[in-house]
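All remarks here apply to the structure that follows.
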Amino acid sequence: MAYPLQLGLQDATSPIMEELTSFHDHTLMIVFLISTLVLYIISLMLTTKLTHTSTMDAQEIETIWTILPAIILIMIALPSLRVLYMMDEINNPALTVKTMGHQWYWSYEYTDYEDLSFDSYMVNTTDLKPGDLRLLEVDNRVVLPMELPIRMLISSEDVLHSWAVPSLGLKTDAIPGRLNQATVSSSRPGLFYGQCSEICGSNHSFMPIVLEMVPLKYFEAWSASM
């Protein structure tokens with residue numbers, strides 16, 4: 001969950017988000033080192049009046065600044081590709097949930113169960129209870145079992161939407177006429193909040209997402225009561 005004046009990413013709750021956080025730190029360190037080197041060179045150029053004429057057209061340094069950026073890009077690309085393939089892998093999901101975006105709410109269908117579907121609207125600010133989060137609470141939460149791979153099938157009924165839950169490392173576009181999929185897996189129970197992350201009209205800001213991750217036995221009891 002995000003909090004005011006937060007500088008870093010939200011706490012990772014899924015293996016994918018842990019990998020994304022590690023990749024972010026890895027890339028940020030490379031960018032920091034490059035920026036430090038560039039600033040150092042600029043400061044030298046501004047503070048010295050000496051010129052080394054033999055290095056103005058040296059083949060050696062041209063070779064170095066051609067090979068070195070290629071190595072740096074490979075160091076960034078390989079972990080990035082690894083995370084991308086991990087995000088795309090869905091092996092033997094325990095549950096499949098179909099998510100449809102609408103202007104301006106979400107609808108969910110548990111395809112492994114008969115007649116288990118509902119719409120999820122934002123709770124009006126006048127109806128909030130003490131402790132509720134403004135513009136993030138919904139009337140029907142998506143209840144899912146924790147520590148199990150869950151496949152989300154995501155599409156849209158009207159315009160482009162995007163189903164995103166930052167703490168789980170999820171952001172998948174909901175495109176009319178196309179079915180995208182994502183993997184949901186939580187390592188701990190709790191409430192995880194997200195929002196539509198694609199501008200989709202005047203009420204784009206009023207499409208929150210709330211996932212309630214619970215142990216399997218509680219999920220089975222919830223699904224039986226629906």
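The backbone N, Cα and C atoms fix where each Cβ goes, and this holds for glycine too.
Taken from Swiss-Prot, the feature Cu cation A1 binding site covers H161, C196, C200, M207. Per Swiss-Prot, Cu cation A2 binding site is recorded for C196, E198, C200, H204. Per Swiss-Prot, Mg(2+) binding site is recorded for E198, and the stated evidence type is similarity to another entry. Swiss-Prot lists Y218 with the feature phosphotyrosine. The topological domain 'Mitochondrial intermembrane' annotation in Swiss-Prot covers 1-14, 88-226, and the record cites similarity to another entry as its basis. The topological domain 'Mitochondrial matrix' annotation in Swiss-Prot covers 46-59, and the record cites similarity to another entry as its basis. Taken from Swiss-Prot, the feature transmembrane segment applies to 15-45, 60-87.
The structure, with features from Swiss-Prot marked on it.
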{"residue": "H161", "record": "Cu cation A1 binding site", "Cβ contacts under 8 Å, 6 or more apart": "G101, D173, A174, C196, E198, C200, M207"}
{"residue": "H204", "record": "Cu cation A2 binding site", "Cβ contacts under 8 Å, 6 or more apart": "W104, C196, E198"}
{"residue": "Y218", "record": "phosphotyrosine", "Cβ contacts under 8 Å, 6 or more apart": "none"}
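Reduced to three states, the DSSP call for H204 (Cu cation A2 binding site) is helix. Look at the binding-site residues C196, E198, C200, M207 and count other Cβ atoms within 10 Å of each Cβ; E198 has the fewest. In this structure, H161 (Cu cation A1 binding site) is part of a beta strand by DSSP. Distant neighbours of the topological domain 'Mitochondrial intermembrane' (1-14): 20-21, 24, 166-170, 184-188, 190-193, 213; these residues of the same chain sit at least 6 beyond its ends, with a Cβ under 8 Å from one of its Cβ atoms.
Across the topological domain 'Mitochondrial matrix' (46-59), the prediction's mean pLDDT works out to 68. Residues C196, E198, C200, H204 make up the record's Cu cation A2 site, and a Cβ search at 8 Å around their centroid adds G101, W104, V159, L160, H161, S162, S197, I199, G201, M207 from the same chain. Summary of the Cu cation A1 site environment: with the site residues H161, C196, C200, M207 set aside, the chain residues having Cβ atoms within 8 Å of the Cβ mean position are G101, Q103, W104, W106, S162, A174, Q195, S197, E198, G201, H204. Helix, strand and coil residue tallies for the topological domain 'Mitochondrial intermembrane' (1-14), in that order: 0 helix, 0 strand, 14 coil [DSSP].
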